[in-house]
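Participant: One structure is given below, represented as C-alpha cells, and several questions about it will come after.
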Amino acid sequence: MVLTSKQKEELNGSILDYFESSQYKSSFEEFKKETGTELDVKKKGLLEKKWTSVIRLQKKVLDLEAKVAQLEEELNSGGGRGGGRGRGKEDALPRPPEKHILTGHRNCINSVKFHPSFSLMVSASEDATIKVWDFESGEFERTLKGHTNAVQDIDFDKTGNLLASCSADLTIKLWDFQTYDCVKTLHGHDHNVSCVRFTPSGDQLISSSRDKTIKVWEAATGYCIKTLVGHEDWVRKITVSEDGSCIASCSNDQTIKTWNIVKGECLATYREHSHVVECLAFSTANIIDIPGSLLSTPEGKSKVKQGPGGNLVGQCGYLATGSRDKTIKIWELATGRCLATYIGHDNWVRAVRFHPCGKFLLSVGDDKTIRVWDIAQGRCIKTINEAHTHFISCLDFCLHNPHIATGGVDDVIKVWKLQ
C-alpha cells in the first residue's frame with residue numbers, strides 16, 4: 001500500500017512527536033534531519049491515538065466475525081424447526097448481547113426467579129441477601145434481609161404474593177411480596193437447605209437439604225407435614241410436576257428419584273450419571289414427541305401405567321437432568337429409560353429448563369455458556385459463549401414476557417431477550 005504525500009507528512013509528524021514525548025533525543029534529531037519534518041502541536045499524541053484506535057477496531061472485527069460465525073451456525077443447523085429460520089415469537093431463543101447486566105450483590109448468585117405476573121425478578125446470593133429488580137428497565141428495587149448465611153434458592157407461589165427462600169442458615173423464610181416483610185421462618189432441616197419449591201396450588205412448599213431429606217410444608221401454617229427419606233447424600237434440587245402430584249429430586253449420590261407427594265413414597269430411582277446430579281426439570285405439557293419414546297405413539301400413551309411408579313409418574317412425561325459429569329440426560333418417566341444424553345458442555349451442568357414452546361431445552365454450566373438443545377434432533381443448535389465471566393450457576397424463564405435470566409459466580413445477573 002502506497003501512502004499519499006499528505007499521509008506521509010502526517011505519519012512523519014506523529015512519529016517525530018512520539019520521539020520527542022518519549023525523550024528519544026538522538027532518534028528525534030536524526031529523524032527530523034532526514035525527513036525535514038518540524039514538530040506540529042496538532043499532531044500531539046496522534047500516533048498513540050491511531051494505535052489505540054486500531055486495537056479497538058481489531059476487537060470489533062473479531063467480535064463481529066464471532067457473531068457472523070454463530071449466525072451461520074444457526075442457519076446451517078437444521079432450518080425452521082431447530083435452526084435459525086422460520087422461528088416465531090413462541091419459540092424465540094436468547095441472542096447476545098444481554099439486555100441488562102444487574103450488579104449489586106457482593107457474592108455469587110445462587111438463584112434467579114421471575115415474578116409470575118409483573119416485570120419483576122428476584123435473585124438470591126451467597127451474600128445472604130435477596131434483591132428485587134425490574135427486569136424491563138434493569139433498575140434495582142430493594143434488598144430483602146433476614147437470612148444469616150448464603151441464600152441458596154427462591155421461588156414464588158402461583159399468585160406472586162408469596163416468596164419462599166432457603167438458606168445455609170438451615171431455615172426457610174416466607175415473604176409477603178406486597179409488603180416485603182418476612183411473615184414466617186420455618187425450622188426443621190439439620191443442614192444447608194439447598195432448594196425450595198411451591199406446589200402449583202400454592203398450598204404446600206417442598207424443600208431439600210444437605211441433611212439428605214426432602215420436607216413437605218403447609219404454606220399457610222408453616223408446619224412440616226412430611227419428611228421424605230431415601231437419598232444417601234445431599235439432595236441438591238427438587239422440581240414439582242405441572243399437576244402437583246409428583247416431585248423429582250437429584251442428589252450427590254448420583255441418583256434421581258421421583259416421589260408421590262400425597263403418600264410420601266419413592267416411586268422410582270434413576271441411575272446413569274457418573275457424578276453428582278446438580279439440576280433437573282420436568283417437561284412442559286406441550287413438549288414435542290421425543291424419538292424412541294413410548295409416549296410418541298397412541299399405543300404407548302395408553303401403556304404409561306405400566307411404567308415405574310405406575311400411572312402417576314408416567315403422566316409426568318419427561319425429566320431432564322444435568323450433572324457434574326458434563327452431560328444432560330432426558331428420561332422417559334413412564335418406562336424409566338434414558339432416551340437421550342446431550343454432550344457438549346465442557347464443565348459441570350448447573351441448570352436446565354425446558355423452553356415453554358416444548359421444542360427446546362436450555363442449559364447453563366461452569367463452562368460459562370448458555371446452550372440450546374433441539375429436542376427432536378437431540379443436539380445443541382445454539383451456544384452463547386462467555387455469557388458470564390465466571391461459572392453460570394442458575395437460569396430462569398419468564399413465562400409472560402420473552403426473557404430469560406442467568407446468574408453467575410461473577411456476582412452479576414444477566415437478562416436476555418428472546419428473539
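Just so you know, glycine gets a Cβ as well, placed from its N, Cα and C.
On a predicted model such as this, the values are computed, not experimentally measured, just so you know.
Copied straight from Swiss-Prot:
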- 7-39: domain 'LisH' (DOMAIN)
- 52-79: coiled coil (COILED)
- 104-145: repeat 'WD 1' (REPEAT)
- 147-187: repeat 'WD 2' (REPEAT)
- 272-341: repeat 'WD 5' (REPEAT)
- 344-385: repeat 'WD 6' (REPEAT)
Participant: Please spell out the DSSP helix, strand and coil residue counts for the domain 'LisH' (7-39).
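Facilitator: The domain 'LisH' (7-39) comes out at 26 helix, 0 strand, 7 coil.
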Participant: Six or more residues beyond either end and a Cβ under 8 Å away: which residues meet both conditions relative to the repeat 'WD 6' (344-385)?
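Facilitator: Distant Cβ neighbours of the repeat 'WD 6' (344-385) are 66, 70, 73-74, 77-78, 81-83, 90-91, 93-96, 278-288, 290-291, 320-324, 326-328, 330, 391-397, 399, 404, 406, 408, 416.
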Participant: I'd like the per-state residue tally for the repeat 'WD 6' (344-385) from DSSP, helix first, then strand, then coil.
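Facilitator: Breakdown, helix to coil: 0 helix, 23 strand, 19 coil.
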